[in-house]
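First comes the structure, then the notes that go with it.
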């Protein structure tokens, strides 16, 4: 079949960057966007200008009630209820559910009522099967109508954990992600439901936070189920995060052995997903990087041959958005 036709629900950070990734890569066609809070002219502006990734290198305009990107007209909907979006009329076969609101099978399933064939949730899901490109995407089969692309942090951790586990065996591990701020945080102190710390000013604080990313690795690599957990520190940077995986190895390994297998994976089966660098990089050097995870060979340390701390960077917005596109292209190849 030709390129799969895609609708985007929620034109926020991920919705816009999945759209950019789709146009950059040419792997899927964006044919429709739904967002009840952003009108057409505002969409043009928000897509064109981006404080983090810079101006869109292409053309974008409003014409005849449609958003036209690089000459491609995109149908715009403004429905609040996902079951009322006429995806079928717009020709959208797959829908990226990127509002962050409809993350369960039941809620995301509403898109199927409007004619979509499949839904890809751009967030972890309580009950939808999760796929991480390069790790368990081969397990996808086309009986599945609703899937999750997991979280950006799981996409960073899982490829690294897979390589380490396949080569040396992970007995147990703890992950910390030093994570850039996201839209759910507050610019200054404000109220925040159950987790009071999450409501503190994002620009002023290092904020300890929870993340299900490490436990989720056990869902995509079943042999690691119950062997990994972790937490996050939200820090005052706009984008790019870093995973610190501290783990006990079954087989003895010198740090150079670890570097070698990660480098091999980055040039072989995980090319484009897992990167490898020996450069003295800092977070901003990874801005707009398309990898899920970039192993920092110079930053990790070994206490001994069985206990290591491994460091891997990720552009939590753009790397992830590119994997959403890759997952859809993979799913389309199975139709």
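Glycine residues also receive a Cβ, built from the backbone N, Cα and C atoms like all the rest.
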Out of 233-238, 239-244, 245-250, which range is noted as motif '[IL]-x-C-x-x-[DE] motif' by Swiss-Prot?
245-250
Listed co-binder of D-glyceraldehyde 3-phosphate (same site as 151, 152, 153, 211, 212, 234, source Swiss-Prot) among 182, 277:
182
Checking the contact step here: among the recorded positions 5, 151, 152, 179, 225, which have a Cα within 10 Å of the Cα of residue 237 (phosphothreonine)?
179
Over the span of the region 'Interaction with WARS1' (1-148), count residues by DSSP class, listing helix, strand and coil in order.
40 helix, 37 strand, 71 coil
Taking residues 151, 152, 153, 182, 211, 212, 234, which bind D-glyceraldehyde 3-phosphate in the record, the widest Cα spacing (Å, whole number):
16
May I ask for the distance between residue 263 (N6,N6-dimethyllysine) and residue 247 (S-(2-succinyl)cysteine), taken between their Cα atoms and rounded to an integer number of Å?
19
For residue 42 (phosphotyrosine), what is the tally of other C-beta atoms lying within 10 angstroms of its C-beta?
13
